[in-house]
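> According to Swiss-Prot, the protein carries these features:
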- 21-28, 38-40, Tyr42, 44-45, Gly70, 126-127, Asp129, 156-158: GTP binding site (BINDING)
- Ser27, Thr45, Asp67: Mg(2+) binding site (BINDING)
- 42-50: motif 'Effector region' (MOTIF)
- Cys205: cysteine methyl ester (MOD_RES)
- Cys205: S-geranylgeranyl cysteine (LIPID)
Amino acid sequence: MATSAVPSENLPTYKLVVVGDGGVGKSALTIQFFQKIFVPDYDPTIEDSYLKHTEIDNQWAILDVLDTAGQEEFSAMREQYMRTGDGFLIVYSVTDKASFEHVDRFHQLILRVKDRESFPMILVANKVDLMHLRKVTRDQGKEMATKYNIPYIETSAKDPPLNVDKTFHDLVRVIRQQVPEKNQKKKKKTKWRGDRATGTHKLQCVIL
């Protein structure tokens with residue numbers, strides 16, 4: 001089956017933000033999605049953005065993904081990227097009960113910054129390949145997602161990956177349901193523009 005050519009212009013851009021505690025596997029998920037490799041260790045002090053043309057449900061789009069740092073010292077940057085994000089993946093590790101308990105903090109902060117009662121988000125239960133270390137059950141995750149009225153998905157970035165592409169694609173689908181695509185084309189360019197050649201750009205925190 002032939003692959004359709006990538007349109008060169010007039011593509012909608014979706015700014016997706018990956019949030020969650022440090023060490024839950026946000027970078028591993030993002031790198032697996034963009035580069036199709038599993039990186040078990042990653043510098044926790046770096047925030048990266050990635051740019052990718054992708055086809056979802058026969059519609060091409062540009063995904064501009066910000067992989068955020070989970071450490072508290074970067075908390076001052078959170079409101080900035082939350083203001084410009086079109087959708088959010090709230091990630092926790094099923095092996096880390098504290099990261100699950102902190103989901104509420106991220107959820108409430110997003111709604112407060114957006115000044116909305118609801119916003120495109122997906123609750124992501126990561127590291128499900130580590131079944132012997134699992135501390136948060138599927139039912140607990142689903143219950144929390146139902147409480148927030150957002151989708152729930154279980155993932156693993158480790159090869160072979162589980163639901164990695166689906167997670168990012170599903171978030172775009174949620175955004176499309178709420179925001180007409182024609183309006184997406186009129187949006188201003190992202191503030192965390194990635195390098196088109198490498199698909200990644202290191203962000204720096206400036207303290208005023």
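Backbone N, Cα and C define each Cβ position, glycine as well.
Would you situate these features in the structure and describe their surroundings?
Neighbour list (Ser156 (GTP binding site), Cβ cut-off 8 Å, at least 6 residues apart, same chain): Asn126, Lys127, Val128, Asp129, Leu162, Asn163, Val164. In this structure, Ser156 (GTP binding site) is part of a beta strand by DSSP.
The local packing around Asp67 (Mg(2+) binding site), expressed as other Cβ atoms within 10 Å of its Cβ over all shown chains, amounts to 25.
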> Out of Ser27, Asn126, which of the binding-site residues is least crowded by other Cβ atoms within 10 Å?
Ser27
> Give me the count of other Cβ atoms within 10 A of the Cβ belonging to Val39 (GTP binding site).
13
> Which secondary structure state does DSSP assign to Val39 (GTP binding site), in the simple three-class scheme?
coil
> Can you tell me how far the Cα of Val24 (GTP binding site) sits from the Cα of Asp67 (Mg(2+) binding site), in Å?
12
> Just to verify a number: CA distance, Val39 (GTP binding site) to Asp67 (Mg(2+) binding site), in angstrom, no decimals.
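Counting only the Cα atoms, the answer is 14 Å.
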